[in-house]
Amino acid sequence: MAGGFLSMANPAVTLSGVAGNIISFLVFLAPVATFLQVYKKKSTGGYSSVPYVVALFSSVLWIFYALVKTNSRPLLTINAFGCGVEAAYIVLYLVYAPRRARLRTLAFFLLLDVAAFALIVVTTLYLVPKPHQVKFLGSVCLAFSMAVFVAPLSIIFKVIKTKSVEFMPIGLSVCLTLSAVAWFCYGLFTKDPYVMYPNVGGFFFSCVQMGLYFWYRKPRNTAVLPTTSDSMSPISAAAAATQRVIELPAGTHAFTILSVSPIPILGVHKVEVVAAEQAADGVAAAAAADKELLQNKPEVIEITAAV
């Protein structure tokens, strides 16, 4: 069986399929830490449901493709797992999200995961001739994969503009690179261009992210405390704040895409406003400290000796 999951007739297909499943399995579980926080706090905070709704759509789309094509068991297994995981994330989000966010999530879910997917299924099965169904559906999957590649561009531009890699975790980029390589090999060995081509883009963007990370990565700096001396004026607390590393909670990296190739997934992210607010809070705190320091500035007492 050419595309079988454990086909020994083509060990290369087996190895690439297994590797792709293992790496994608880990990527699907990446948001677990985020949702543990949501569960403990009983609140979604500033987290968005968009990545999980899009990831669910991606998984069901690739499952449908694997069923129409047949002999694509690696795609079936990992995307079936992905469907379950993403559905669990969405349910948990709906439980703890505020009413407005819950309604937006439900509307987006019905529009993308129900209406859009139903339209694709009906079109494929009833309007496209059977000999062309794989080509049509593969083209839809390919177009969707390329469309979501717009997401990494935003984070790449942000890193270049700010010269900061706070929003781009290196571990995720490494996993995505390995995943893209594994799924590219699977598409190559099974002669499936619809699996192979998206991974070229996934590999490229992952390598760019890793390159930017090492280019702009800076060693962790320690905050400089305001001090005084005989020959120096008090160091500005605001200036010291510029050397301080602002710790961001887990999940605050902005809209990073997980191009786990035949399964483009949008990664965990938190609204960037949250990070901006934290930075603003840090500056405000530094300004307050500066003001307090100036108010408590030690007086210089001149002692004149009588001659």
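We number each residue from 1, going along the chain as drawn.
In case you wondered, yes, glycine gets a Cβ from its N, Cα and C as well.
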Exercise for the section: Consult Swiss-Prot and decide if V13 and D192 are found on one and the same side of the membrane. Expected result: yes
Exercise for the section: Please work out which recorded stretch in 48-68, 75-95, 108-128, 169-189 has the most C-beta pairs separated by under 8 angstroms from the transmembrane segment (15-35)? Expected result: 169-189
Exercise for the section: Could you pull out which residues elsewhere in the chain have a CB under 8 Å from any CB of the topological domain 'Cytoplasmic' (96-107), counting only those six or more residues past its ends? Expected result: 38-39, 41-44, 49, 53, 90
Handout entry: For the topological domain 'Extracellular' (190-194), the number of residues DSSP places in helix, strand and coil
Key = 2 helix, 0 strand, 3 coil
